[in-house]
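Look at TrEMBL and you will find A:21-107 tagged as domain 'Pyrroline-5-carboxylate reductase catalytic N-terminal'. Positions annotated as domain 'Ferric oxidoreductase' by TrEMBL: A:249-383. Among the features that TrEMBL reports, transmembrane segment is placed at A:204-229, A:249-271, A:292-313, A:348-367, A:388-407, A:419-442.
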Amino acid sequence: ININSSNMMALAPNNSNKRETVCIFGTGDFGRALGHKMIQCGYPVVYGSRSTQTSNLIPKDAEVLSHAEAAQKSAIIIIAIQRQHYNFLTPLAEILRGKVVVDISNNLKLNQYPESNAEYLAQLLPGARVVKAFNTVSAWALQSGALDASRQVFVCGDDMEAKQMVMNIVRALGLTPLDQGSLLAAQEIENYPLQLFPMWKFPIFLSLGLAAFFFFYCLALDVIYTYIYENNNFSFFIAITIPNRVCPVMALLLLGLVYLPGVLAAIIQLYRGTKYRRFPDWLDKWMLCRKQLGLIALAFASLHAVFTLVSPIRSFVKWRTSKAIISQALNNKTEPLDITNAWLSDSYLALGILGFFFFVLVGITSLPSVSNSVNWREFRFVQSKLGYVTLILCTAHTLIYGGKWFLSPSAYKWYLPNIYMLSLVVPCTVLVVKFVLIFPCVDKPLTQIRQGWERNPKYSE
Amino acid sequence: ININSSNMMALAPNNSNKRETVCIFGTGDFGRALGHKMIQCGYPVVYGSRSTQTSNLIPKDAEVLSHAEAAQKSAIIIIAIQRQHYNFLTPLAEILRGKVVVDISNNLKLNQYPESNAEYLAQLLPGARVVKAFNTVSAWALQSGALDASRQVFVCGDDMEAKQMVMNIVRALGLTPLDQGSLLAAQEIENYPLQLFPMWKFPIFLSLGLAAFFFFYCLALDVIYTYIYENNNFSFFIAITIPNRVCPVMALLLLGLVYLPGVLAAIIQLYRGTKYRRFPDWLDKWMLCRKQLGLIALAFASLHAVFTLVSPIRSFVKWRTSKAIISQALNNKTEPLDITNAWLSDSYLALGILGFFFFVLVGITSLPSVSNSVNWREFRFVQSKLGYVTLILCTAHTLIYGGKWFLSPSAYKWYLPNIYMLSLVVPCTVLVVKFVLIFPCVDKPLTQIRQGWERNPKYSE
Amino acid sequence: ININSSNMMALAPNNSNKRETVCIFGTGDFGRALGHKMIQCGYPVVYGSRSTQTSNLIPKDAEVLSHAEAAQKSAIIIIAIQRQHYNFLTPLAEILRGKVVVDISNNLKLNQYPESNAEYLAQLLPGARVVKAFNTVSAWALQSGALDASRQVFVCGDDMEAKQMVMNIVRALGLTPLDQGSLLAAQEIENYPLQLFPMWKFPIFLSLGLAAFFFFYCLALDVIYTYIYENNNFSFFIAITIPNRVCPVMALLLLGLVYLPGVLAAIIQLYRGTKYRRFPDWLDKWMLCRKQLGLIALAFASLHAVFTLVSPIRSFVKWRTSKAIISQALNNKTEPLDITNAWLSDSYLALGILGFFFFVLVGITSLPSVSNSVNWREFRFVQSKLGYVTLILCTAHTLIYGGKWFLSPSAYKWYLPNIYMLSLVVPCTVLVVKFVLIFPCVDKPLTQIRQGWERNPKYSE
């Protein structure tokens, strides 16, 4: 009685200590790299090829046979061929019956075909146990050992035993298999290596759009207005002065946008009186890109910090400083220290430094390895509590820095407000609403709603 | 003969390619989220509930039955119910006999009950094979896929086979199971999600306490003393000047405290002549929080760097500079360049920059992903060798910066030393003792003691 | 019929729920630490020792027996003894036949013996199933739980079943086993903990050599030349001024060296008309240390940034500034704002800031945890596209900063060019060649060569 045939581990590392033979169809780039690596890791490799003459590019210890012969030698066949040539496999369907057939192909475009390559292969070979794997690994990385970006191998397939065998090979090659479920996941796995920061796209385009708007807004008010009405050529403001106005505004605005959806969600929950109804789609999406928004805000804040620190080195600032000093000297007088001014200047600088410090702390915990090593409560503490401290400090920094201009009429060129006033709208709204939400009379029902599953007998046990 | 029953892998992914049915008791928040995720990953899910009417919140493809019926359908029962309702399980004890019962509950406080929830459950259901798991995963993260902070699932249980089955499910859900041993570990696992940076508590409170002390010390000497005796209102020093005195002092002091226990341990080992007696408890604990102390020191050093770089922008500093220049101009003279001064100023700045640079390098290797990718020797090299270079550079930076004040009587206001003198005590002590320890006549016996296990025939083979 | 004996999983967690007994030969440092940890994790431990009297250092719950008795009690024997005492095992060869013998030893030097310790052990005990493991773990870390740098345990061995058993133990101790293949890998595994940043050695020595050269070059031109011909003592330039010239030069040069091999490789491929011939060895090695070169370049760039930001605080710079202002004041005139100068100053600062910003972004994606969480396409995008943006920005920054000196004769002291001119050679070459390479008439054949495996019928299917 062959009991082991029903045991999923039995096939993979079999009774003897030798690794099982692996067959690779296709002697192209990736087929060779994979075969090379497998031979290194102790697998006997046999290539299936149209021309069975051994090229000097094929790993030395590998055998090269015809497709049919090669397939018969092994329980696992890796198809290192492009999808458009898959149809040549049809005559081999009988030989491949019951074998593990690994699809490693990639496409050139997202959703290039109606069905994934692996599903197409499964249709062509109805008896084969098709597994999708290895498509996220690059041939170059496999050969050079520089597997920085592609150590993870997504695996999917309908046959558990077949999938397990492939995952064992993946592990033996020093890579990390990630089981993605049934062959239905193949489409997503084939799209994965074609993606380019999908979670970042919206936040980055939003930020670039807003930054461009604020840049031209500042350009109009600070350069063009000054040129028209005061006849001063401050065109060089484009390089540093205006970026250093746009960056803090963007940082504060985006930081506000990180905490706004949480506040909106609380209001929606309070209004509905339940947490069990789904949020609107836009809110869900917004909540899922908060991390990206926050990191972009941190980037703008860092640029703002450097732009500010660099200012004493700027030729224009040096000229302005010496002009002020010389005019005092020529007037033979020394201005006394203005304590209020010293207080304002020092306190907005100190608030900005502290805000930036906490911002960086929160940013560091967004690094995957750091966030993986803290528990959920710690992660929430940093992202929520420290995040709000950052928001409060940065808002206070902006308020103190620009408070004097709220009342000054010269701040309203062309009846338009200064951009730092615009930047304060979102963070101040968030802080005010959040302040209301932590009042006991609001916080208590909200907490009850959030623990609703325990209190409401309809939904819990 | 049912051979497979003794094979731990056989139960989990069984002969057919279908995943085994999982039963979830409780249709609350977490029960639903978990069921949803499991159905996504291909597990048939059946809910056990008091009311068997299907709510629209329960995943569509799940069945809802009475507890007894549901339990009979599956080999694994997940108890998504709060501990206080566990006693309703007592009548089901017979049905649950031999089944894998997964406790996923959390408490609201550390060590809330004398025994862990999982052990309590095991007492209630003597025949069941209880496994603790999933309690570190948040329902929200499970549902939204944002598993940043909770990809790790701690699993413990007395039955190896049951534990393995649960770990397979964990892996299939895309999470990382971590085997924590027997059910005795359940208490710790239940406490884990309630912890808030336990390793950081002491270092942070120590730093805050010391920082507060130094802050008020400076406040007294720099603001209050000046106000009383010189009638100058320098109250705005609170914002930047005093923090920028406290931060470097804290950074240097904490950096000294990172390397002090290592030096103390060496002295103790030399004195005892053996490495096989345990260090006193306080020293052990101190050594285990060196990383945290070092990172807090780095935070203070970073703040010091930014506070220093920001100084030319400060209103007070600008005023002081222009006052000095104007008084020279009015006196019609130009001071020549003071080479000694230029040397001192440039060298303490350069030492500070280099010290901070190495400090940041050491800090980067503390990131989990970096420290995981270096070997023990490399880690020791960075943390110990580069760490001492940092300590030497930072101490030299402080000595050159403040050397002139050691002799100046004006530095002793109210007969108290300037705080930067206090900050030098610990690092200088560490460096002097370390210097003595690397003398061959001291280093040789110490090395012998540390390799003691090979030399002393009593303990080694 | 003993079916399970052919099943590799069957031995490890056996039918009962108890962990199997583990035998440790040697009661030294590491033997005790390992035994202690194993007992904590539920393994019964028995020590084999010459003297069977229980020392109080040996974990309480462990048994101490003679070697022969201890070995008979367990299927796994861990040899915690140094290689030079291995020969005492020869008489035990019969008892150890068929057992799993784990070699955990390390050497003091790289390649100390002709064969690895594990292979030597396998020769001494021909019947035993030798597995290499645990040598990368430190005893101290094992005991204290501070496993930061050594959570990974490399495992190798010729017997799959034995290796699997050891890997299960590794996993049970909370460590991560990494299968390295057959016992041939033991040499490399034994060398691993003795390595000290092998990938970093060449880049660091190259950088230090170049930095020293540029330092003395600057010293000659800026300090010695000035002293001889202008009789000015600018010796203090050694501390900040010269480092701040060397750092940007090094950063730009090394950044150029990161992208030079890619450009060379493209030229070689174009010239050869194929991608299937290996690159020369020096180019392969160069390509593999690009990451390290880039990170060192980033370190120099960071130092340059801080040295620059610190300049307004320097005593010399303050003196120079006030001298200039006083001379204007004494001459009773105020210089007007030089718009060209303001533009130049602001634009090279802005370009430098942006270049540094992108440089840091690229550096962050080099962190292991970040590069593991992006796909190959995203990694290439950041490292290649953003890297070139960084190179362009930094080169432009340098060109604008120093453009005026190209024509000024005073820049050629002793007929030698200023070092920043030297620094521009490599990056400008790279950018010019890259610019040529992206022309369609060059890019098209290159792309075809790189996808060669699909077009050339000789190599692909």
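Easy rule for this one: first residue shown is 1, then count along the chain.
Note: Cβ is positioned from N, Cα and C throughout, glycine not excepted.
Within its own chain, the transmembrane segment (A:292-313) has Cβ neighbours under 8 Å at 199-200, 203-204, 206-207, 211, 240, 243-244, 247-248, 250-255, 257-258, 352, 355-356, 359-360, 362-363, 366, 387, 394, counting only residues six or more beyond its boundaries.
Counting residues per DSSP class in helix, strand and coil order gives 110 helix, 0 strand, 25 coil for the domain 'Ferric oxidoreductase' (A:249-383). For the domain 'Pyrroline-5-carboxylate reductase catalytic N-terminal' (A:21-107), DSSP puts the residue distribution at 32 helix, 19 strand, 36 coil. Distant neighbours of the transmembrane segment (A:419-442): 214, 217-218, 221, 245-246, 248-250, 252-253, 255-257, 259-260, 263, 266-267, 270, 388, 391-392, 394-395, 398-399, 401-402, 405-406, 411; these residues of the same chain sit at least 6 beyond its ends, with a Cβ under 8 Å from one of its Cβ atoms.
Sequence-distant contacts of the transmembrane segment (A:348-367) (same chain, at least 6 residues past either end, Cβ-Cβ under 8 Å): 255, 291, 294-295, 297-298, 301-302, 305, 374, 379, 382-383, 386-387, 389-390, 393-394, 396-397, 400-401. The list of residues near the transmembrane segment (A:204-229) in space but at least 6 beyond its ends in sequence, with Cβ under 8 angstroms from a Cβ of it, reads 197, 235, 237-238, 241-243, 245-246, 249-250, 253-254, 292-293, 296, 300, 413-414, 416, 418-419, 422. In the predicted model, residues of the domain 'Pyrroline-5-carboxylate reductase catalytic N-terminal' (A:21-107) average a pLDDT of 86.
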